[in-house]
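Novice: This structure is in structure tokens; I'll ask about it shortly.
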Amino acid sequence: MRLIDSHCHLNDEAFDGDRAQVLARAKEAGLTRLLVVGSDEATSLGALDLARRHADDGLYCAVGVHPHESRLMGESIPASLQEALSDPRVVAVGETGLDYYYDHSERSVQRDVFARQIAWAISASLPLVVHVRDAFDDAFAILEAEGARRCGGVLHCFSGGPDEAERALELGFYLSFAGPLTYKKNDVLRAVAAAVPLDRILVETDSPYLAPHPLRGKRNEPAHVVLTFKVLAGLRGLDEEELASLIGENGRRLFGW
Ligand SMILES: [Zn+2]
Ligand SMILES: [Zn+2]
């Protein structure tokens, strides 16, 4: 079975001690494509460096500024990130978005930095990797106002209900499911995942965070995407090979890798 991890932070220092082994386990688990995602200037450049060095392992990257870090962004996008956008290993802008749960950056700053990155994705013709937590109304308003339909993208680690899923699909976006899909209390999320059109669905780990059941609380890694994937296959009542191949096509269509 060939699988993908549409969102991981393999560039995170949590993997500094054993990144080679983590990559070997991902390969063993059948992962053929991994999207390594940046959160600020340094981690975006780290993601690009990793994607370049491990091109043979199917690594690609997204460069951008996470809502948590948006307060650190100046008036303009760092030149290094602007330059990175033309690298063939860079297949998306992100992660960007809004996080009103943690509020690590002021909301008005989050909105401004999010809007600027949408413009950036449109001009680079790259899809967006969008993080939204407790901020769906504002996030959709900004995506619509900035014309995000033109570049498309994915709502990563989707945490909304059926209405939010509907709005994302109307915008032409994909929904990516992470470890929370496997958590006991998340029946609403499972109902959403059971109904999303099969040509708009992705899976991810968001590792090192959000390890799926039964590894919850431990460090997560790309190989564990299999656990989330199996729950999804059960929900859809689909043969695993068939679902893996559909998800693979979705990743190819969105990221062009
Ligand atoms: Zn995120
Ligand atoms: Zn992430």
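Cβ from N, Cα, C; glycine included.
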Novice: Glu83, Glu95: which one does TrEMBL list with His7, His9, Asp206 for the divalent metal cation 1 site?
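Specialist: The one candidate that TrEMBL places in that divalent metal cation 1 site: Glu95.
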Novice: Given Glu95 (divalent metal cation 1 binding site) and His156 (divalent metal cation 2 binding site), what distance in Å do their CA atoms have, once rounded to a whole number?
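Specialist: Glu95 (divalent metal cation 1 binding site) and His156 (divalent metal cation 2 binding site) have their Cα atoms 9 Å apart.
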Novice: Note down the number of other Cβ atoms within 10 Å of the Cβ of His9 (divalent metal cation 1 binding site), including every protein chain shown.
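Specialist: Around His9 (divalent metal cation 1 binding site), other Cβ atoms within 10 Å: 23.
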Novice: Around the recorded divalent metal cation 1 site, report the further residues of that chain (criterion: Cβ within 8 Å of the mean position of the Cβ atoms of His7, His9, Glu95, Asp206; site residues excluded), sequence-ordered.
Specialist: Cys8, Leu35, Val37, Val129, His131, His156, Cys157, Glu204, Thr205, Ser207, Tyr209
Novice: Reduced to three states, what secondary structure does DSSP give His7 (divalent metal cation 1 binding site)?
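Specialist: Note: His7 (divalent metal cation 1 binding site) is in a strand by DSSP.
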Novice: Translate the DSSP assignment of His131 (divalent metal cation 2 binding site) into the three-state scheme.
Specialist: strand
